[in-house]
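Feature annotations, courtesy of TrEMBL:
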{"type": "DOMAIN", "residues": "9-341", "note": "domain 'FAD dependent oxidoreductase'"}
{"type": "BINDING", "residues": "55, 56, 57", "note": "FAD binding site"}
{"type": "BINDING", "residues": "243, 298, 326", "note": "D-dopa binding site"}
C-alpha cells in the first residue's frame, strides 16, 4: 500500500474535556486526510464524566508549578473560549464571559491604603482581559469577609455538560470518527487496532499508564438556582476557601479539594461546610434550601500535566495527556494543540497548501462547528 493510501488509525482513550477537544483539534489538522480513522473509546460519556461535574471556570487551579508552557496552553484556551462567546456557539455550548472577584485574606482590618506595588500578580493576569486590583472602596464592599486584598478579571465559565454534548454531536457526524463505550484496562488491547494511541484517561491513568504520581483530588460542589448572581467570587474564610461560580443554568457553590480521597459519595459535612462558607460571602444564599450535590475526582498529578510521546517496548506509539487536576477546562484546547503537534510527527498531516485557503477563518470555527440538533428549541423572548 502506498504512503498516500495508507489508513492512519488513531484512538483516543477518554471522552472528557481533554479527550474531545483533542479529537476536534485532530480533525482540524487532518481535515483533508480521508485516510484518517479516529476512534474515541471511553468508559463514560457526558453527562457522566468528571468534567461534567466541574464548575467550568477558566482559572489555573490545582497545579502547583505554573510554568511558561502551562501559561501558553491556558492563554490559547482562553482566547478560544472568548471567541466562542462572541459567536453563534455561546448559548448552545453554555459559554459565558463574566467578571471574577478573587479575594485574599479574611477577618483582618483593611489598611488605609493598599500598596499595589507589593502585591504579586497571579500567573494568569497577563492572559486575561480587564485585570485590575480592587481599590479600598471595592475591598470594603466585602467588609463582612474582611479580605486584605483582591482583584477582578474577565474570565469564562463553561457549562461543561452542554459543551461536551455539542463537541460529541459534531464528532459523531464525521464519517471518519467512531465512538465506543468501553473500559480499556491495558494499552495492549489496542495494539493491533491503532497506529497511535492518545491517552486522555484522566484519573484512570494511575493504573492504565502505571503512574503512581496520579492521585484523586476529591471535589464536592452544590448546584443551586440563584439567578441574581452574575459574577464569580473566590474567597477565603475561617472555614477555608470557597467559590461561587455562575453557569448558564445554575450557580455552583464549592467546594472541596481533598487529595488521596477516592470517596465519590456525598459527604453531608462537606455539604454543610460549603453552604456555610458561601453564605459568608453572599448572605442571600441562606434562603437556598435545595440544590444538587455532586462529587467528582480531579486527576491530580504530583508533577503537573504529563504531555509527551512514549514508544513502548511492544512498539506502541502513545501520546499521553493527563494530570490536569482542577485545570482541565482551562488547559483543554492548548493541550489538545500540543498533543496534535506530536501526532503530526508520527502521521503526516495536511500540507500548508491545503490549509492556505483557511487563513481567514477564525480558529474556533476551524476546531468545531454547531451541527443540527432535532431536539434543539430556539431561544425566544417576550416583549
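Backbone N, Cα and C define each Cβ position, glycine as well.
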Subject >> residue 298 (D-dopa binding site) to residue 55 (FAD binding site) - Cα separation in whole Å >> reply: 12
Subject >> Other C-beta atoms that fall within 10 angstroms of the C-beta of residue 243 (D-dopa binding site) >> reply: 23
Subject >> Sequence-distant neighbours of residue 57 (FAD binding site) in its chain (C-beta under 8 A, six or more apart) >> reply: 100, 155, 156, 157, 232, 243, 245, 329, 330
**OP:** Please list residues from the chain of residue 55 (FAD binding site) whose Cβ is under 8 angstroms from its Cβ, counting only those at least six apart in sequence.
**Re:** 157, 221, 243, 245, 247, 252, 254, 255
Original post:
Taking the centroid of the Cβ atoms of 55, 56, 57 as the FAD site, which other residues of that chain lie with their Cβ within 8 Å of it, listed in sequence order?
Top reply: 54, 58, 59, 157, 158, 160, 245, 247, 252, 329
Original post:
Which value does the mean pLDDT take for the domain 'FAD dependent oxidoreductase' (9-341) in this predicted structure?
Top reply: 94
**OP:** Other Cβ atoms within 10 Å is the metric here; tell me which of the binding-site residues 56, 326 scores highest.
**Re:** 56
Original post:
Looking only at 243, 298, 326, the residues listed as binding D-dopa, what is the longest Cα to Cα distance in Å?
Top reply: 17
